[in-house]
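K.L.:
Here it is, the structure in full.
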Amino acid sequence: MKKWIAGLLALIAISPVMAATPWQQITHPVAGSPQAIGGFANGCVIGAMPLPLESADYQVMRPDQRRYFGHPDLLNFIHRLSDKAQKNQLGTVLIGDMAMPAGGRFSSGHASHQSGLDVDIWLQLPKQRWSQQQLLKPQPIDLVAADGKRVVPALWQPQVENLIKLAANDNEVTRIFVNPAIKKQLCLDAGADRTWLHKVRPWFGHRAHMHVRLRCPADSLECLDQDTPPPGDGCGAELESWFQPHQPSAKPGKTLPPPLPPSCQALLDNHFAAE
């Protein structure tokens, strides 16, 4: 236990952007009834399941990184979405990062994806299935123009819009994060049916993928949901504010990660005490 505490203190003393985290040392899901615990950016998951790597409807990228775990609700969503994509002849759905076996904080790449309810899905739908080499070293397609204000017309495909719309219309989905330029294009193309657009939220990056987030499962009593997105389609002043010049702010100082939810801390303590 002393070694574990000393190791943890050493870890949190490093900048959280680059620090290794103890969650990476948990290589298998924690047994128990599935529970998403805490918030999306400060939580963990019990009873996570691995997304099957073999499917006719989707492919999992970078499987060597073992970020393909999630709450069963997330796996069910991926199956629903990829099945609908196939039935609509959109192409193969490319699955990016989900969560680690017990959730928790990544060393890099994500602040969220911690409670087993987030998944990155790439905004390209290949007609031909990718080879194992392509899956291990996938090449994203940047859909956003260099000025950040619009998508690249030659790269924008109606199948991508249809995929986002299918995801947004899923009852378990609460938010889909995309680049502001992608949200802008969706607003232009949506037509009369705009009810799904309020779930699509502009956010930094996300130029080649969408980040889908599910609601807390009803039986995950320690899971913390976000507030519901504002009413409306989000295509007005809120969206335009993303394209306005921003005044530079003071460089933020280094911050330590917030305290873990007690159940997540207990999970870590029990895991390392057993080693």
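The first residue you see is number 1, and the count goes up from there.
Glycine is treated like the rest: Cβ placed from N, Cα and C.
What you are looking at is a predicted structure, and each value in this text was computed from that prediction instead of being measured.
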K.L.:
Of the listed cysteines CYS223, CYS235, CYS264, which one does Swiss-Prot record as disulfide-linked to CYS187?
P.N.:
CYS235
K.L.:
Quick test of reading the record: Swiss-Prot lists a disulfide for CYS264. Which of CYS44, CYS216 is on the other end?
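P.N.:
Partner cysteine, according to Swiss-Prot: CYS44.
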K.L.:
Which one of HIS206, HIS211, HIS246 goes with HIS110, HIS113, ASP120 at the Zn(2+) 1 site, as Swiss-Prot has it?
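P.N.:
Same Zn(2+) 1 site in Swiss-Prot: HIS211.
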K.L.:
Taking the Cβ of each of the disulfide-bonded residues and counting other Cβ atoms inside 10 Å, which one has the highest number: CYS44, CYS235, CYS264?
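P.N.:
Per the Cβ count within 10 Å, the most buried is CYS44.
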K.L.:
Rank the disulfide-bonded residues CYS187, CYS216, CYS223 by how many other Cβ atoms lie within 10 Å of each Cβ and give me the one with the fewest.
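P.N.:
Comparing Cβ neighbours within 10 Å for the disulfide-bonded residues CYS187, CYS216, CYS223, CYS187 has the fewest.
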K.L.:
CYS264 (disulfide bond) to HIS211 (Zn(2+) 1 binding site): how many Å between their Cα atoms?
P.N.:
24
K.L.:
Using a 10 Å radius around each Cβ and all protein chains in view, which of these binding-site residues has the most neighbours: HIS110, HIS113?
P.N.:
HIS113
K.L.:
Radius 10 Å, atoms counted are CB only; among the binding-site residues ASP120, ASP147, which position scores highest?
P.N.:
ASP120
